[in-house]
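Asker: Structure below; questions to follow.
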Amino acid sequence: MRRRIFELFHREFRGVREAAFLLALATIVSNLLALLRDRLLASRFGAGIELDMYYAAFRVPDLLYAFSLFFVASTAIIPLFLERFSEGEQRAQAFFDTVFSVFVTSVILLAIVAYVSMPFIVPFYVPGFDTESKQEVIAMSRILLVSQLFLGLSSLLSSILQSFRKFFVYAATFLFYNIGIIAGILLFAPRWGLRGLAWGVVLGALLHIIIQIPSLIRTGFYPRIGVWMFSEMAQVFQKSFPRTAGLVVAQITFVMVTAIASTLGAGSIAVFQLSFNLQSIPLTVIGLSYSVAAFPTMAELIIKHERAVFFKHVVSASRSIIFWTLPITVLFITLRAHIVRVVLGAGEFGWADTRLVAASLALFAVGIVAQSLTALFVRAFYAIGNARVPLIINVFTLVVTVACSFFFVRALQEIPAVHASFFHILRVVDVPQAAVLGLPLAFALGALVNMALLGFYLRRMEGGEQFRLRVFIPFLCDIAFASMLLGVVSYTILQMSEPLFNGDTFLGIFSHGFLAGVCGIGSAVLFLHARGNSELKDVRNVLGQKFWRKSAVGFEPEHL
């Protein structure tokens, strides 16, 4: 058993579905740890000012991490590394050394600037905090700068491993990242308070790097300080700039949303972030798993000038993403209260917190399919070599998101006819700070706009005639009906079986939601089986292959 686990760390996965499925399994484990992390945070602090400060402290460090991707964005590093690897291992190593050297030097300088500037930046994006809270955010943000340096370096190492299709170790990094944070909650926070949480994040980021080192050494490539080759970095900047600029704008958007939430009362930032974390699980498990697994193959097909096969690949990956995420969206909306109560409902996290986070989760869930497809579409553009289109669309979408955030929050605060019906539907009429629900609503709308525009322009690319809506219509009809069936059955079982369970206990809430979810999923699976759905057959085939029992591929790197 131990040998098989080590083989997974070093094995190369060449099939996209197989790789995506393994990524999903590994990511599920890390997300279970993330759920435990959030449960421990919610139990200890509740949705209050302490968690507001903790989440607000990430904004500037996360912005630094986004800037660091100018040097180490996987969408730039992977195709450039593969191109140099095709010319020889020494050429690839020289490229790796250059990127590593420039990254370390530049990010350390950026971190120093951010450290010094923190007292001037933090008050800007938490205007609703008092002076003492702002000082605590400044202190935690400075600690978290170290973690972002580690994560940026880890991103570079991950790009090399993904180039060799060593996806398992890539997914495992997030597991160890959350282990570090959990250690901070259990061991550091009781001694050092909120700053102990920040040091736990630093520990997690360090583990994020360490877990990759053995697999990296096996590839024969490892980072070294080398001579800067500016022509190489110019190509990295050229390829990474649009994507990284989009991520920077995204982080600026989070900063602005945090500023809005900080004025809505204690706990508003925590409500937004906790629900965002919950909706991010299917995005990570499904959307990112498929897009990460598909990207090296997409890049290879473009290099070989096989555009027809490339778009067939995009269609296949899109169908797989929709197959998983649309039913999950319906399930999240139907079981939102049970999900939140099971995951977060302990200690200081009360019933009012549960209702507000559940309502926010339902709104976020509307955009799960769109966010997952966006992750794939963006990588498709980068594989083609056209990064300008997703940059423009992302910037436009994020501007729309911020504008809608202001508008929706204001409408929910000041227009009785709007907030009365809206809060009634989400069952939060008597819950304070419910206006914060305008923020997830704006994010979901922005995600839908982003996906639609990216899909439209991807269809217009050379060879994109195969990526047309009519290709998806029969499949979409089946999966939409299956999802509606799932929702109806789950909701019916919830209502009919409610007297059978004790809603005041963890076991009762979990069992109630589990029964409803299993019945709903079972009905959807039976329907799709009757319809002969190809994605369902693929799932059975991948499981039947028992790929985890196969021998590992030799450790010598291969061409893609």
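These residue numbers are counts, starting from 1, taken along the chain as shown.
Cβ from N, Cα, C; glycine included.
Relevant sequence annotations retrieved from TrEMBL are reproduced here:
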- 20-36: transmembrane segment (TRANSMEM)
- 94-117: transmembrane segment (TRANSMEM)
- 137-160: transmembrane segment (TRANSMEM)
- 167-190: transmembrane segment (TRANSMEM)
- 196-217: transmembrane segment (TRANSMEM)
- 247-274: transmembrane segment (TRANSMEM)
- 321-344: transmembrane segment (TRANSMEM)
- 356-379: transmembrane segment (TRANSMEM)
- 391-413: transmembrane segment (TRANSMEM)
- 433-459: transmembrane segment (TRANSMEM)
- 471-494: transmembrane segment (TRANSMEM)
- 506-528: transmembrane segment (TRANSMEM)
Asker: Considering only Cβ pairs under 8 Å, which range in 94-117, 137-160, 196-217, 356-379, 506-528 makes the most contacts with the transmembrane segment (247-274)?
Answerer: 356-379
Asker: Report, as numbers and ranges, which residues of the same chain sit near the transmembrane segment (433-459): CB under 8 Å and 6 or more residues beyond its ends.
Answerer: 257, 260-261, 264-265, 267-268, 271-272, 275-276, 314, 356, 359-361, 363-367, 369-371, 373-374, 377-378, 380-381, 389-390, 393-394, 396-398, 400-402, 404-405, 407-413, 419, 422-423, 426, 465, 467-468
Asker: With a Cβ cut-off under 8 Å, give me the same-chain residues at least six positions beyond the ends of the transmembrane segment (391-413) that come close to it.
Answerer: 242-243, 245-246, 249-250, 252-253, 256-257, 260, 264, 378, 419, 422-423, 434-439, 441-443, 445-447, 449-450, 453-454, 457
Asker: Is the transmembrane segment (356-379) packed against any residues at least 6 beyond its ends, judged by a Cβ distance under 8 Å, and which are they?
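Answerer: Hits for the transmembrane segment (356-379): 47, 75, 243, 271-272, 274-276, 278-279, 282-283, 286-288, 290-292, 294-295, 298, 314, 317-318, 321-322, 325-326, 328-329, 332-333, 336-337, 339-341, 344, 390, 394, 426-428, 431, 433-434, 436-437, 439-441, 443-448, 450-452, 454-455, 458.
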